[in-house]
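Asks: The structure that follows is given in the form of structure tokens.
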Amino acid sequence: MNLKPTILLFTILFLKCATFEVNEETERIVEDAVMRALDSRASENSESEQTSQHIIVSQQANSDSKSAQFTGEVLEEATRILVREFGLEILPAANEVIERWRNEEEELLQSSETTTTTEHPDPTRSKRSAIFRSKRQANRRCSSPPINCNNRFHTSIRSITGLCNNRQNSDLGNSVSPLRRILGAASYADGLGRIRTRSVNGGELPSARLISNRIHDDRNNQVFSPSINHLHMIIGQFIAHDVVFMPSSVARDGGALDCSACNSPQRVSPNCAPITIPRNDPYFNTPCMRLTRALNGQENFGVRSQIGQNSHFLDLSPVYGSADCEAETVRSFQEGKMLTFDDLGYTLPPQNANDSNCQSSAPFHCFTCGDFRNSLHPALIPVHTILIKEHNRLAEQVRVARPRFNDEQIFQLVRKIMIGMWQHIVYNEYIPKYLPRRTIRNFALRPLRNGVHRGYSTSVDPSISAEFAGAAFRFGHSQSRFDFPRLTENGRPAGNYDLGNDIFYADQMYLTRIGGWEPVMNGMVRMPAMKSDRYFSFGIRNQMFEIRGRNGSGVDLVSINIQRGRDMGLFPYIQYRQLVGLPTVTSFNELNTTFSQENIQALRNVYSDPADIDLYVGIMLEEPLSGGQLGPTASFMIGEQFRALKRGDRFFYESIAEGTDNFTQEEISELRNKTSLAKIICTNMDFAARINTDIFDHRSRQVACTSLPQLDIDRFLR
């Protein structure tokens, strides 16, 4: 690979034996750097980082993530001190020191489960320990599972946070834990964390908005998918909300950063990365578009690292939450059921009058769910609602069949069943709609017809990859329509809403005269999505987070995706080609095996060298594989991720893992044979009599809801 020299140097130095030995002198040097970083942070004036206006933050950091940012930024500054004074060679030894300190803190934390004191007798150690976040520190007031993974709790119950899913490495896949990198390294200008701004030829990289305008504008290319419906896009977004949540950096006071100004990296925070808007832009009339860098949660000396705030597993985080306190806000604690809002004659999630992102005024409150992005746009709430209703329906069945079960027993059993159903839907219905059979076969993603999956391994890291989160799984943004049609139960039009006018507005859910959210669900099932290609709808490209009546107050999501890749240190597109078996590229012409001539020319018009092509742009312009919706690079990254989520999840619905209360073979068969998204939708809509047999194909023939098999709860009552 043709890596930049600074990146190659950093990688080589980490692979070489450390020049510095781990001894008292090294520990003194490391401790001095950490103390200086702490002192520097304490002395800096935080007033400039406070925002002066309300900013919508879709990736809002919770208390644990803010704690992780504190740790990450101290380690980031300490890294720069060490590298400046001793060179990159000291970092391996420094990380051995920091690992020992971390282990000491973990032991202290575990001992606190049986003792009442966690005081540090050594003042220096007490100060040093401040850089380590205590797991679930913010949730001490909530009920939390034991930290010890050998506790019986972790045998039978999947923790809300993902803690102890892997009992040998308790943090793998846990909420507020680092993303992994497919290539094992990052592409930053300085090898550590500064965003790349220069071309390999020495000039400036093109602005993300310039790329979006020239390559991704759909004005003359609005093509609908011939088969895939709009629900496929929404379920894809729901999956993304389940496993991907990269919180944005916050100001020192914990508030949102205002990164709107072009000079905000200097005037507000180095965690600002505004996007230059070209002159005479067709929509925006400001010089820059706001973007806050993803929160730095690095846990060692070295490269900046992003974190996943939700658990990394397919565990219905949007329904149940990924933090213990978060989980308690959605439960009724009666009969194992979830909270709902039922005052309008139909069911919605509970209202949230304190949602800081909500743009609609009372009484049109946004909602409380396991993921606070639930009200991002009106099409998400129907999915949240049917899953909450399905949980409560099953909980009622368990209550009747087992009257002696208490609230916790009912809740945990139904949650386990719901997650099993969800995983089956993802692997059996969603994935086959866009990945070709060959990719599904190569990554062993297809559910088994019978028997159990014995591929679980503690050595498999289920964590979400930076490439999946920052590029590959964002392909669904191309599927989004500008308009979201509403249909009656008989398929008659009931109006529509525009995506760009309804970001974090909930009033569409309160239209009682047409049945609230059900017409939105009908429209998603029966209407096509946009074709997955390089073109994006007007709302996606211009109006994300726009305030009604204020044109240009939002952002371009495509520009954000491109700039986010640079922020995350993703390598340019061509560095990933060899990974998926494609030939190396040194000229634009050599892209002709995976790109159309039209798309190659589009790239030439923006980039000066193929080595500059951003990963997101590259994967969106690749020609789709036969039988699939995506090209080879995105297909590989998505297939690799879902394989990791299957083989690295001890509680995966088809798996049998030692020391784990997995589903029995009979229960697995029940899930395989009777779970379908169509049935869940049918069962939990008041006015649904017929449904598509293929739930993600808008052309599919419809059948009576009563003809679809229903899960038998008795099969799960041992």
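Positions of Cβ are set from backbone N, Cα and C atoms, glycine also.
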Asks: Based on what Swiss-Prot records, which one of Cys358, Cys369 is disulphide-bonded to Cys366?
Replies: Cys358
Asks: Determine which of Asp218, Asp242, Asp253, Asp407 appears in Swiss-Prot for the same Ca(2+) site as Ser311, Phe313, Asp315, Ser317.
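Replies: For the Ca(2+) site that includes Ser311, Phe313, Asp315, Ser317, Swiss-Prot also lists Asp242.
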Asks: Taking the Cβ of Arg373 (site 'Transition state stabilizer') as centre, how many other Cβ atoms lie within 10 Å?
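Replies: Counting Cβ neighbours of Arg373 (site 'Transition state stabilizer') within 10 Å gives 19.
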Asks: Across all protein chains in the structure, which of the recorded positions His241, His477 has the highest Cβ count within 10 Å?
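Replies: Selected residue: His477.
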Asks: Roughly how many Å separate the Cα of Asn592 (N-linked glycosylation site) from that of Asp315 (Ca(2+) binding site), to the nearest whole number?
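Replies: Answer for this pair: 40 Å between alpha carbons.
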Asks: Pop the Cα-Cα gap between Asn551 (N-linked glycosylation site) and Ser317 (Ca(2+) binding site) into the table, whole Å please.
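Replies: Their Cα atoms are separated by 34 Å.
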Asks: Quick check: with Asp242, Ser311, Phe313, Asp315, Ser317 left out, which same-chain residues have Cβ atoms within 8 Å of the centroid of the Ca(2+) site Cβ atoms?
Replies: Gly162, Val243, Asn310, His312, Leu314, Leu316, Ser322
Asks: For Asn354 (N-linked glycosylation site), which residues in the same chain are close in space, meaning a Cβ under 8 Å from its Cβ, but six or more apart along the sequence?
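Replies: Same-chain residues close to Asn354 (N-linked glycosylation site) (Cβ under 8 Å, separated by 6 or more): none.
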